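Asker: Before we start, here is the structure in question, set down as structure tokens.
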Amino acid sequence: MKWDKYTIKTTTQAEDSVCGMLMELGINSIEIEDNVPISQEDKEKMYIDILPELPPDEGVGYVSFYLEEGQDSALLLNHISNGIERLKEFIEIGEGSIQLSQTEDSDWINNWKEFFKPFEIDNIIIKPTWENIENPENKLLIEIDPGTAFGTGKHETTQLCIEQLRKYMNEQTRLLDVGCGSGILSIISLKLGADFAVGIDIDENAVLASQENMKVNDIESSKYSILCGDLIKDENLQKKIGFEEFDVVVANILADIIIPLTPIVPRYLKKNGIYITSGIIKSKENDVVNAIQQAGLEVIEVLKQGDWVSIAAQKK
């Protein structure tokens with residue numbers, strides 16, 4: 001379906017007032033674009049270490065709404081123009097112009113799939129569930145549909161984790177995967193012979209994606225458990241997974257989560273157990289190392305790829 005997109009050029013100060021006026025006219029699907037700097041509070045809520053650089057904030061905002069192409073909008077636009085004029089009596093609206101452009105429906109949820117192609121890491125092939133490929137060399141085949149969860153395996157942080165896991169796990173390994181995302185690390189570990197895996201994520205969609213990907217890869221339900229919750233804050237979850245139960249704890253998340261997680265990791269590791277961390281930007285490597293050492297763990301290996309770092313440590 002094609003849509004007419006109407007964009008009101010205003011000031012960032014007046015964005016809320018313009019949105020309120022549109023909602024009073026029955027327009028509830030509204031889009032706002034501006035270059036207002038991200039607040040520290042919002043940054044802390046974002047699971048991202050490298051924020052994109054925004055153009056300078058010039059106080060200009062764009063408020064947009066959509067109508068079906070060809071819909072008679074003359075009366076509505078007249079009401080909007082009158083509403084803008086009324087707002088000018090109370091707040092600086094700026095230009096207040098209305099621009100028209102056209103756009104089409106797009107399957108935003110699935111469009112990313114065209115960029116997720118099969119790839120190899122050593123003797124492992126990772127492929128999306130919706131593609132068929134030949135595997136003449138009978139390499140280990142992992143099928144993934146991450147959905148809205150993180151983890152196709154192609155990111156440097158995941159590849160670093162896979163490299164570390166292959167070194168430190170065996171057929172007796174019990175794995176705790178914190179921030180499991182799509183479940184890719186747990187799945188690869190089990191496919192490589194690990195005994196059992198527990199995956200934890202705060203995102204219910206990630207839990208669902210992990211469970212589905214386990215089934216797709218024909219992993220028996222007796223070999224894994226996927227739980228939803230915050231391991232750092234949830235004491236009931238901490239008790240549920242058990243203490244000193246795991247040979248390997250892996251956390252492929254971000255440094256700002258790894259640092260507060262690390263102090264509680266030793267209680268889950270068996271003696272000589274391995275703690276693998278990734279998702280660490282180079283500038284925060286020392287912060288993570290310090291957290292690991294303060295938790296009483298010994299750093300045994302540091303791997304780097306691009307701007308990312310993976311650190312392996314051991315409980316003595």
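Just so you know, glycine gets a Cβ as well, placed from its N, Cα and C.
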Asker: Record says Gly179, Asp201, Asn252 bind S-adenosyl-L-methionine. Source is TrEMBL. Which of Thr103, Thr129, Thr158 does it list for that same site?
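Answerer: Answer per TrEMBL: Thr158.
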Asker: Just how spread out is the S-adenosyl-L-methionine site if you go by the largest Cα to Cα distance in Å among Thr158, Gly179, Asp201, Asn252?
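Answerer: The span, Cα to Cα at its widest, is 16 Å.
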Asker: What number of additional C-beta atoms lies within 10 angstroms of the C-beta atom of Asp201 (S-adenosyl-L-methionine binding site)?
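Answerer: Total other Cβ atoms inside 10 Å, all chains included: 28.
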Asker: By the DSSP assignment reduced to helix, strand and coil, which category contains Gly179 (S-adenosyl-L-methionine binding site)?
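Answerer: The three-state answer is coil.
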